[in-house]
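See structure below.
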Amino acid sequence: MFSLPLHQSKLIFLLSFLLIKTLNAQPTYLLSYCYTSGNYTPNSSYKSNLDTLISVLDSQSSNKGFYSYASGSSPTTTVYGSYLCRGDISSSTCETCISRASKNVFIWCPVQKEAIIWYEECFLRYSSRKIFSILDQGPFVTWTSYDTTLYQFYFINTVEYRMDRLIQEAYSSSSYFAEETYHVSYLGEVYDLNGLVQCTPDLNQYDCYRCLKSAYNETKDCCYGKRFALVYSSNCMLTYKATFLAPPPPPPPPPPPPPPPQRLYGENDTPSSDESFSFKLGKVFRRIIAPVIAAVVIILVISVCSLCCCCIKKKKKANQREASIEIPTLNTGENLTVDHQ
């Protein structure tokens, strides 16, 4: 059997580990949006300023979670851009995400003057108009899951309450960021509800609140009742996810069919009116009518027997009288009696 030397096996294992770690560290691409406000030509000043902007943003991603920059001196060729990384990721993950976004945005939007690219870990945008400290009511990117929780009404109410608290916490803080893990246990369904909200730091408090509320309202259209929801705009991020800690319980069995109607009743049972009448009639028959009928039958039998006896006796006496007949003689004065007995 072929086997590798020990040092080669260790090297292969190390390379495999690094490859898996690298693949797992790759940012998750969501969507790109190319605005229709205008295009630039490849060799224009706008293109040159755009390249400078992207280079600066990429270089700052190693130590900053948010950065904005403007490249150019002429109002017609100046490019404004910024990026935002999620507050719960490491600086290396942020750097990887912005580096990937700065390259791929030109693949999806090769000539547009304004574009935005979203990853789950970050987003990057640029424009020919001023975008700093301005709430953009532009497009949203939404992601959701197909699966739901067993008790949706309770889940929806819990999500709404917890996300509202997170939004208040985020726009009230200096970082415009808030996250939490809320443990839920309801009728055997146990899960952790992880929530995260974040705004770009250049917004004021009111605009941060408006952005996050608009993002949450988007979840009611795309993700209502779903275990996972993600809504990003060009100024804020909002996401939540329910992670089950135990398999959800099976749905309760359907109720058993109703028992068939009972025909026998105890002392305290109350039958229906028709059945009660029949039941009472049977009791009356057994207690009163049946003995009366039996007595009548006995009397009739005795009467018939007595009548038969009387008839037999009368018939017998009649036969005896007919048998005793007087026969007169012709010549003598004596009577002859004939007895047939």
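Keep in mind that glycine also has a Cβ here, set from the backbone N, Cα and C atoms.
The signal peptide annotation in Swiss-Prot covers 1-25 and is backed by sequence analysis.
Swiss-Prot lists 28-131 with the feature domain 'Gnk2-homologous 1', giving sequence analysis as the kind of evidence. Taken together, the residues in the domain 'Gnk2-homologous 1' (28-131) have a mean pLDDT of 97 on the 0 to 100 scale.
The annotation domain 'Gnk2-homologous 2' is assigned in Swiss-Prot to 136-245 on the grounds of sequence analysis.
Annotated region 'Disordered' per Swiss-Prot: 247-274, in sequence order.
Annotation source Swiss-Prot lists compositional bias 'Pro residues' at 247-262.
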Handout entry: Secondary structure content, the domain 'Gnk2-homologous 1' (28-131) (per DSSP, counts of residues)
Key = 34 helix, 32 strand, 38 coil
